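Heads up: the structure comes next, in structure tokens.
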Amino acid sequence: MTTNYIFVTGGVVSSLGKGIAAASLAAILEARGLKVTMMKLDPYINVDPGTMSPTQHGEVFVTEDGAETDLDLGHYERFIRTKMTKRNNFTAGRVYADVLRKERRGDYLGATIQVIPHITNAIKDRVIAGSEGHDVAIVEVGGTVGDIESLPFMEAIRQLAVELGRERAMFMHLTLVPYLAAAGEVKTKPTQHSVKELLSIGIQPDILVCRSDRMIPANERKKIALFCNVQEKAVISMKDVDSIYKIPQLVKSQGLDDLVCARFGINAPEADLSEWEQVIYEEANPTGEVTIGMVGKYIELPDAYKSVNEALKHAGLKNRLNVTIKYVDSQDVETKGVEVLEGLDAILVPGGFGDRGIEGKIRAAQYARENKVPYLGICLGMQVALIEYARNVAGMEGAHSTEFNKDTKYPVVGLITEWVDGEGKVEERTETSDLGGTMRLGSQLCHLEKGTKARELYGNATIHERHRHRYEVNNNLRPQIEKAGLKVSGLSADKKLVEMIENPAHPWFVAAQFHPEFTSTPRDGHPLFAGFVKAAGQNARGEFEK
């Protein structure tokens with residue numbers, strides 16, 4: 001199969017939405033029956049984002065095969081059916097590490113290792129390898145044109161376009177077209193300068209996607225086309241909208257997919273966007289509203305919980321409920337008390353690392369249990385629910401996780417020292433293992449117990465969900481906690497690790513060691529989140545006995 005390539009770059013400022021624009025184009029092409037994949041090339045020197053601060057970089061998205069990747073891959077999977085893998089995201093750090101490893105092995109036969117050709121060749125090889133078997137590969141280069149860090153990537157895609165030829169490669173550039181209220185018009189000069197910068201490194205964009213708070217007027221589109229050397233029909237206006245899921249329709253209405261198909265000589269049927277129309281309809285026509293409290297430690301940057309935020313919205317669509325997320329700093333629960341949790345229709349405690357705010361999360365789980373507020377715990381959110389139950393119901397005073405207190409009398413959560421990964425390989429860890437890339441990662445099989453809420457929600461005896469953790473329930477103390485009434489509703493493939501717990505004495509109290517948010521999509525939702533938001537709606541309507 002011959003693969004065609006669309007290279008996506010950004011200019012003027014960062015955070016323009018390259019990932020959303022690229023994913024929207026991918027969704028339209030997929031709706032035309034094409035097999036589409038996407039890639040994100042990140043210019044930073046970290047080998048992967050696994051150890052980067054969520055408040056700087058946003059969430060780490062985990063793929064089925066266990067890669068810790070950029071959050072844009074989450075957008076990709078929410079917009080298209082293709083599942084991302086470790087091949088779909090790589091960093092400058094990863095490329096340099098590979099090249100240096102080969103140099104140490106002697107693979108380059110004594111050559112002087114340089115950015116060109118060794119680094120650029122390594123980038124090109126990874127792009128080609130990661131796109132095999134698809135009609136179209138959309139490759140997003142992180143950062144902004146002009147950044148020093150992105151230059152090797154820009155040079156690599158320039159070379160690739162030359163090698164592939166115009167019939168198999170094209171460039172799509174995102175820019176900002178700001179509106180100046182004082183002048184009463186949009187300004188095209190930043191776009192012109194951005195394209196000039198791109199031209200200086202040998203790349204002529206074929207399509208310009210212009211971000212603005214309004215549609216770009218026809219005269220300005222003509223001006224941009226003239227000065228940036230692109231066709232007028234290739235100047236696409238991407239105005240601000242109230243939902244990212246409206247972007248596919250917006251850019252399709254301007255013929256973006258037709259430009260791509262014409263360039264590549266692809267004869268494909270018109271895009272069927274009926275599924276996206278249904279999503280937009282559900283979003284615009286809720287029948288009720290719920291407020292869900294997310295108790296976390298990274299709340300100053302909502303992107304730290306991007307997939308959780310989106311999964312809650314998707315669940316709202318499936319229940320025809322408008323979901324308002326109230327972010328609660330877990331440290332506020334510690335200092336101000338549980339009063340900050342009052343008035344919430346449901347409580348969610350997401351994943352996290354470190355002991356800052358941990359007692360606040362434990363108190364949030366206690367508040368939800370005692371006040372019959374629907375509770376969903378994810379990863380650390382499951383562990384704090386277990387710790388709280390052990391302390392306050394099972395009589396295990398001072399119970400804790402060894403992550404936070406190595407000397408606790410009741411270490412109900414401890415480091416996983418051995419497990420079987422998704423490929424059947426035995427993994428081992430110790431307290432002195434590196435932090436990067438050493439967690440239990442990727443999609444794992446989970447057995448669901450009969451007669452549990454988890455089994456009812458999923459409708460299956462076995463499921464596959466993605467993991468990212470290094471601590472687990474201590475099986476030595478499990479019997480005492482279960483005897484006190486907490487139900488273990490999900491177990492790992494070898495039935496040695498606890499994957500889900502629930503409280504049968506509570507209307508809706510479910511927690512999972514895995515990350516269900518990574519597999520939620522706007523078109524399909526996710527059963528765990530759908531059940532949680534449904535319970536929030538029931539609680540809001542006063543249907544739960546308190």
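We number each residue from 1, going along the chain as drawn.
Just so you know, glycine gets a Cβ as well, placed from its N, Cα and C.
As given in Swiss-Prot:
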ACT_SITE  Cys379  active site, nucleophile
ACT_SITE  His515  active site
ACT_SITE  Glu517  active site
BINDING   Ser14, Asp147, Ile148, Glu149, Lys187, Thr188, Lys189, Pro190, Thr191, Gln192, Lys223  CTP binding site
BINDING   Ser14, Lys187, Thr188, Lys189, Pro190, Thr191, Gln192, Lys223  UTP binding site
BINDING   Ser15, Leu16, Gly17, Lys18, Gly19, Ile20, Asp72, Lys239, Asp240, Val241  ATP binding site
BINDING   Asp72, Glu140  Mg(2+) binding site
BINDING   Gly352, Leu380, Gly381, Met382, Gln383, Glu403, Arg470  L-glutamine binding site
DOMAIN    291-542  domain 'Glutamine amidotransferase type-1'
REGION    1-266  region 'Amidoligase domain'
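Features as recorded by Swiss-Prot, highlighted on the structure.
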residue: Ser14; record: CTP binding site; Cβ contacts under 8 Å, 6 or more apart: Gly143, Thr144
residue: Gly17; record: ATP binding site; Cβ contacts under 8 Å, 6 or more apart: Leu174, Arg211, Met238, Ile244
residue: Glu140; record: Mg(2+) binding site; Cβ contacts under 8 Å, 6 or more apart: Val8, Lys18, Gly19, Ala22, Met38, Met39, Lys40, Leu41, Asp72
residue: Thr191; record: CTP binding site; Cβ contacts under 8 Å, 6 or more apart: Gly11, Val12, Thr175, Leu176, Val177, Leu208, Cys210, Ile224, Cys228
residue: Gln192; record: UTP binding site; Cβ contacts under 8 Å, 6 or more apart: Ile224, Phe227, Cys228
residue: Lys223; record: CTP binding site; Cβ contacts under 8 Å, 6 or more apart: Thr188
residue: Asp240; record: ATP binding site; Cβ contacts under 8 Å, 6 or more apart: Arg211, Ser212, Asp213, Arg214
residue: Leu380; record: L-glutamine binding site; Cβ contacts under 8 Å, 6 or more apart: Val349, Pro350, Gly351, Gly352, Phe353, Lys361, His469
residue: Glu403; record: L-glutamine binding site; Cβ contacts under 8 Å, 6 or more apart: Phe353, Asp355, Val413, Leu415, Tyr471
Exercise for review: Find, for the listed recorded positions Ile148, Cys379, Met382, the residue with the lowest Cβ contact count at a 10 Å cut-off, counting only other Cβ atoms.
Suggested key: Ile148
Check your understanding: Beyond Gly352, Leu380, Gly381, Met382, Gln383, Glu403, Arg470, what residues of that chain have CB atoms within 8 A of the centre of the L-glutamine site's CB atoms?
Key -> Gly351, Phe353, Cys379, Val384, Ser401, Val413, His469, Tyr471
Check your understanding: Going by C-alpha positions, which of the recorded positions (Lys187, Lys189, Cys379, Gly381, Met382) is nearest Glu517 (active site)?
Key -> Cys379
Practice item. Based on Cβ atoms within 10 Å, give me the single least packed residue among the recorded positions Lys187, Lys189, Arg470, His515. Key: Lys189
Practice item. Compute the average pLDDT of the predicted model within the region 'Amidoligase domain' (1-266). Key: 95
Practice item. Based on Cβ atoms within 10 Å, give me the single least packed residue among the binding-site residues Ser15, Thr188, Gln383. Key: Ser15
Exercise for review: To the nearest whole angstrom, state the Cα distance for the pair Gly381 (L-glutamine binding site) and His515 (active site).
Suggested key: 10
Study note, to complete from the structure: Sparsest Cβ environment (other Cβ within 10 Å) among recorded positions Asp72, Glu517 belongs to Asp72
Point to revise | Cβ-based isolation winner (fewest other Cβ atoms within 10 Å) among the binding-site residues Gly352, Gly381 | key: Gly352
Point to revise | Surrounding CB atoms that lie within 10 Å of the CB of Gly19 (ATP binding site), all protein chains | key: 25
